[in-house]
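Some features that TrEMBL has for this protein:
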type: DOMAIN; residues: 90-170; note: domain 'PA'
type: SIGNAL; residues: 1-27; note: signal peptide
type: TRANSMEM; residues: 197-215; note: transmembrane segment
type: TRANSMEM; residues: 247-270; note: transmembrane segment
type: TRANSMEM; residues: 276-307; note: transmembrane segment
type: TRANSMEM; residues: 319-343; note: transmembrane segment
type: TRANSMEM; residues: 349-369; note: transmembrane segment
type: TRANSMEM; residues: 376-394; note: transmembrane segment
type: TRANSMEM; residues: 431-453; note: transmembrane segment
type: TRANSMEM; residues: 465-486; note: transmembrane segment
type: TRANSMEM; residues: 492-511; note: transmembrane segment
Amino acid sequence: MIWGRSYSGYLLVLGWLYVYSASLVSGGDIVHHDDSLPNRPGCNNNFVLVKVPTRVNGKEKEEYVGVGARFGPTLESKEKHATLINLAVADPPDCCTTPKFKLTGEVILVHRGNCSFTTKTKVAEAAGASAIIIINNSTDLFKMVCEKGEDVLDINIPVVMLPLDAGSSLQKFVDANDTVTLQLYSPKRPAVDVAEVFLWLMAVGTILCASYWSAWTAREEAIEQDKLLKDGSDELLQVSTTSSRGVVEITVISAILFVVVASCFLIMLYKLMSFWFIEVLVVLFCIGGVEGLQTCLVALLSCFRWFRSIGEFYVKVPFLGAVSYLTLAICPFCIVSAVIWAVYRQYSFAWIGQDILGISLIITVLQIVRVPNLKVGVVLLSCAFMYDIFWVFVSKWWFRESVMIVVARGDKSGEDGIPMLLKIPRMFDPWGGYSIIGFGDIILPGLLVTFALRYDWLANKKLKSGYFLGAMSAYGLGLLITYIALNLMDGHGQPALLYIVPFILGTLIVLGHKRGDLETLWTTGEPERPCPHARLQPQS
């Protein structure tokens, strides 16, 4: 490695914390804290986000986002079909009793509390309101449902909830005797957004690049090892295999411990989530991103003879050891890139820098960490499979919300999610936002895919007769099904490993059993090379 084994160990720990703290695919969903969702005639609407563009004294003002109720008529899906309506503030504010003034088709703004949502709506409709906007008592959104035994078949006006800050702003305008008009409409999300296609290609491409790099390194090590065997230099062989590899092989015990440690780290993120804690994660991400980008650039430039010659000269640097001149030349560029991203990460274009740093870090981790055999891979992915399901779904029973989703979104931090994600803006979604995928959904399956290609190359297997094509196809198919499930769940975050792990493990085990290689894959993970003079060739 570039900085030596000590720095590689640091990057390993950092990478694994990133892996397990963010293992999620998401497309954005409604924030709520209500699991009571009765479904009966008149109370069976889908919960949808609602856009509320406003005008004050004829001038366009802010556009707010609310959530529709389980009851009442559905809203228009296009802005041009939504009527511009005047806004009035309820008196009394809770609208639990008949307002003191008669309404003539206005939208009435009321406060939450003192009576049910359906009671407020019926009172507002009887007073002549054309719609009702309920101000929540907090800055999030709440799913409005029907109370047991309530008759909601006679509700004929739309019901929308706005967060406290949005509702308070509207009320201030009305109290200042300004004329406030607004529209209520709920645009539909596209069935598939182009962002998900690009994110799929990004994840598959990252594993593809990391796999070939890892396999090429393993082949070069094997060639060097065969040369040493041919020369009969056992002592030199031992030194070479100890120092040159610079990788860490996962064991069964470490695979299990990783899940335990990661769970503790995830709970820490959940409990300590705040602006300052996100800043700490940003710093750690920048450090890992710098090392990852530097490693990838050095490897890429070393393919050219002039840069390779520069990389052969080293200088000793305090605390870092021997560092090549090529690394020293590239390092400032990598540091500046990470700093620029950190400073401008709130801007709309910052996702590009985050993805570049993230992909570089993922590829570098896949070079440092290796799965030695299929047995360890099965244990690792099985533990990650259960980890994903628990923290996305089961954690709701204890914490009343999905811990993984809350951490990935960066709730209570004032930031747009944690940095340990690859993300692309949703290009044709009227609601905007990002499609995201956690590092863990790439690195964990990637460890087994890179193992498959290393095995194929060392065994001189062709592409069709090897295991890499099957493993890579299984990952791509599993991730594709994840995005299908994501769209069927209206953008609600999905644990990608729930779909990816069965495909990859099932494919490798079935192929290994069918071809008679399962025992070798399961135990040693390396094919026998009886002749040290045999020349290892890449697959074609």
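Any Cβ shown, glycine's included, is placed from N, Cα and C.
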Stretch in 197-215, 247-270, 431-453, 465-486 most in contact with the transmembrane segment (349-369), if contact is a CB pair under 8 A: 197-215
Cβ-based contact of the transmembrane segment (431-453) with the transmembrane segment (197-215), 3 or more pairs under 8 Å: yes
Top partner of the transmembrane segment (376-394) among 197-215, 276-307, 319-343, 465-486, 492-511 - counted as Cβ pairs under 8 Å: 492-511
Segment proximity, the transmembrane segment (492-511) to the transmembrane segment (197-215), 3 or more C-beta pairs under 8 Å: no
Which of 276-307, 465-486, 492-511 contacts the transmembrane segment (319-343) most, counting Cβ pairs under 8 Å: 276-307
Same-chain residues at least 6 beyond the ends of the transmembrane segment (465-486) whose Cβ lies under 8 Å from its Cβ atoms: 25-27, 192, 196, 200, 203-204, 207-208, 211, 441, 445-446, 448-449, 452-453, 455-456, 459, 492-494, 496, 498-504, 506-508, 511-512, 515, 517, 521, 539
The domain 'PA' (90-170), counted residue by residue under DSSP: helix, strand, coil: 17 helix, 14 strand, 50 coil
